[in-house]
């Protein structure tokens, strides 16, 4: 079977969704700039050999509608001979894009793919136009469509305290701020034009949503937002609302080597799994277990892990049940996570994978895992290997 490898991976800075640096930049532009960036960074690649552009996006309406993958690829000047498709596995959409490209390569259905994802949550809100079938209430708990309440439920089931959640959130901001100051995001962030608070055009080079001043005291002052009477989940322990895109160049290994392109990581295994929609945040556990089994390794073999931080109350039960509580500081989300950086839905899968690969290089690690929960009860996971 042919091997799928990551040749390059980049992301935009994460902009605040409310009056942020990308308030005047469309989702297609964020996407197209990254596509162009991948080609500029890898001049050995002939764009005419691109088989397909696979782009994750959840809210496929307004500027994100009508196959944003194709719209963005045309804006980027990618040859019209390349295909383009937009995929939607909710929060796991751009990781699904990785998986689709990898499967195509492994089965001989192409050797060069641009993949990624985008979500401009400032322009297209998460709940825009949502209309669940009334009959779903016969099959799943009513709260299953309310992500914050699913986090409350998962946290309660696993005995996660408010203080544990607050500490996890503080760590996320501290780690992300340190990564910014120390330049550890420099290799993955691709500068994008945006606007400062006064409306002046600027090149955005850093994430806008990190709050380095976050403390246990400031978080303790926040009220529970999803269950005001009995809850523990606050805005401060939830993923921030942000706008952003991420992108990867995924190729068949021998083709990349023949062109003299770098092999930054090989896709070792992939998995998706379902779980109870009422505790959708638990999805990374069964997905990770499947991916590890397919890779023939155990969780102890992993050097670095990126677990998407939808909520602290969701992340901590997954860490606990995967047997990773003792290695959080050494292995998990070492540059912070979505609580600090935000979770632009369609962008996040490739974003955490990009951060993971850069961390693996920084630490000279061999095996890494990227995994995330998915609304309505799914998980997705990818094991990467440096070769």
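Just so it is clear, glycine is given a Cβ too, placed from its N, Cα and C backbone atoms.
Copied over from Swiss-Prot:
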ACT_SITE  91  active site, acyl-thioester intermediate
ACT_SITE  343  active site, proton acceptor
ACT_SITE  373  active site, proton acceptor
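Annotated features, which come from Swiss-Prot, shown on the structure.
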residue: 91; record: active site, acyl-thioester intermediate; Cβ neighbours (10 Å): 33
residue: 343; record: active site, proton acceptor; Cβ neighbours (10 Å): 27
residue: 373; record: active site, proton acceptor; Cβ neighbours (10 Å): 32
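Distance from the CA of residue 91 (active site, acyl-thioester intermediate) to the CA of residue 373 (active site, proton acceptor) is 7 Å.
Distance between Cα atoms for residue 343 (active site, proton acceptor) and the residue listed as 'active site, acyl-thioester intermediate': 8 Å, as a whole number.
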